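Here the structure comes first, spelled out in structure tokens, and everything after it is commentary.
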């Protein structure tokens, strides 16, 4: 095309996160280095001020609505619905029966539509309504039905949000933005307990139980906020109404210069993307990694129960769940800041796994309250931290075609999320919880082995790309790298 030409090297190091051998739009070629740098900083600042608060707030609501059943356990829902411990575990896990399989078709849809922001916000309104309806259940069977439907509605959000962020941010920026999403999750966990403790004070008001008030108030808040966010959330860079034409050109260029095509511009069917994802051997290892990591992260589903094993009152137990999650949020930011700055992931994952193993041992070997609570302070970030780096890896290593990345992200999260089903039956026999912590230790060891195998695989692929041999490069292309990515001198990063 005559209106595009090769990007001059003078624009390569302006902090835009782009390569030197991709063509720059004519509207940007007339700008100096400093002007492009200033424009890029202004663009990223605008994205951070609009996208991150909206996604963060919605994820807080997502996690609060998903975890409020764990808080309701401390306020008598088991007695009111005549549930035993195993039935409660089923009520927790059945959410994932709807949540997991619907992530894949949902992400294939979001990759094809022009208004992903509206799609996500509509799902928020639906799940908020369903969550509020949980207050009306009278039997165990009704609770199971509502939870399963809630899972279907919530399936849209997390993989959709990860995909949405990767459509806007470059590889140098994405890690900290994923960290922001997980920080929001931790604040949802932390303040969810605080909100629950306050809402439970309404116990008996108008003849309504405290746990019912919890679902009513938090569900209604989700609906209202979802409606507001629907009018504020942007769409893809190429059709965003919040950007000027020049900013739009830069936003598109930043992404396509890294992976060869902008979001929403490649015409490829969802089934083609799904097939290409399944044909990539790296996906199998990433799915297994996330399966093990989600197993470790299952402590969030039972964290109030773990803290309650310290023998405090239900209110104090809910309040004590907050500090570990606040700490985790801060640690997530540091980990992903370091990952972005050093362009690394593997050593951080191994470090977190090592710390988590030590923290699993403590509650199994001592009843000392101080030592046990110390381990609970560390467990959220050590157990869940590697997930941030996995999602960053997925979106950078399986970047193109766009539909492939959407399918891969959803499959990794959906299949990995099945761990939330079987781990729900491990948290029995307090206070040591031998079955739970012993199993999570096994997950950590297997995770370390699997991610090491993944590291070997991508380093082998990089050696093939570096060789310059056509036959070796053809093997890499067959393994999932596109020809455009090869032309851009693309490499698997973060696992050196």
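Quick reminder: no glycine exception, Cβ is built from N, Cα and C everywhere.
What TrEMBL records for 51-463 is domain 'Major facilitator superfamily (MFS) profile'. Annotation comment: TrEMBL describes 47-64, 88-110, 117-137, 149-169, 181-200, 212-233, 283-303, 315-338, 345-362, 374-394, 406-428, 434-457 as transmembrane segment.
Packing against the transmembrane segment (434-457) from elsewhere in the chain are residues 281-282, 285-286, 288-289, 292-293, 295-296, 298-299, 302, 346, 349-350, 353, 356-357, 360-361, 363-364, 383, 386, 419, 423, 426-428, 495: each is 6 or more residues past its ends and has a CB under 8 Å from a CB in it. Nonlocal intrachain contacts for the transmembrane segment (212-233), taken as residues 6+ away from its ends with a CB within less than 8 angstroms of a stretch CB, comprise 50-51, 54, 57-58, 61, 64-65, 68, 71-72, 75, 117-118, 120-122, 124-125, 127-135, 195-196, 199-200, 202-203, 205.
Long-range neighbours of the transmembrane segment (181-200) within the same chain, counting only residues 6 or more positions beyond its ends whose Cβ lies under 8 Å from a Cβ of the stretch, are 55-57, 59-64, 67-68, 71-72, 75, 161-162, 165, 210-211, 213-214, 217-218, 300, 303-304, 314-315, 318-319, 321-326, 328-330, 332-333, 380, 384, 387-388.
Confidence annotation: the domain 'Major facilitator superfamily (MFS) profile' (51-463) carries a mean pLDDT of 86 in the model. Between the transmembrane segment (374-394) and the stretches 88-110, 117-137, 315-338, it is 315-338 that has the most C-beta pairs under 8 angstroms. The transmembrane segment (406-428) and the transmembrane segment (117-137) are not in contact, since fewer than 3 Cβ pairs between them lie under 8 Å (pairs 6 or more apart in sequence). Taking Cβ pairs closer than 8 Å, the transmembrane segment (88-110) reaches residues 66, 69-70, 73, 78, 116, 119-120, 140, 143-144, 147-156, 158-160, 163-164, 270, 273-274, 301-302, 403, 406-407, 409-411, 413-415, 417-418, 420-422, 424-425, 427 in its own chain, all 6 or more past its ends. Counting Cβ pairs under 8 Å to the transmembrane segment (315-338), the top-ranked stretch among 117-137, 149-169, 345-362 is 345-362. Between the transmembrane segment (117-137) and the stretches 149-169, 283-303, 345-362, the greatest number of Cβ pairs separated by less than 8 Å involves 149-169.
Residues of the same chain lying 6 or more positions beyond the ends of the transmembrane segment (149-169) and with a Cβ under 8 Å from any Cβ of it are 44, 47, 51, 55, 58-59, 62, 65-66, 94-103, 106-107, 110-111, 116-117, 119-120, 123-124, 126-127, 130-131, 134, 177-178, 181, 236-237, 251, 255, 263-264, 391, 394-395, 399, 405-406, 409-410, 413-414.
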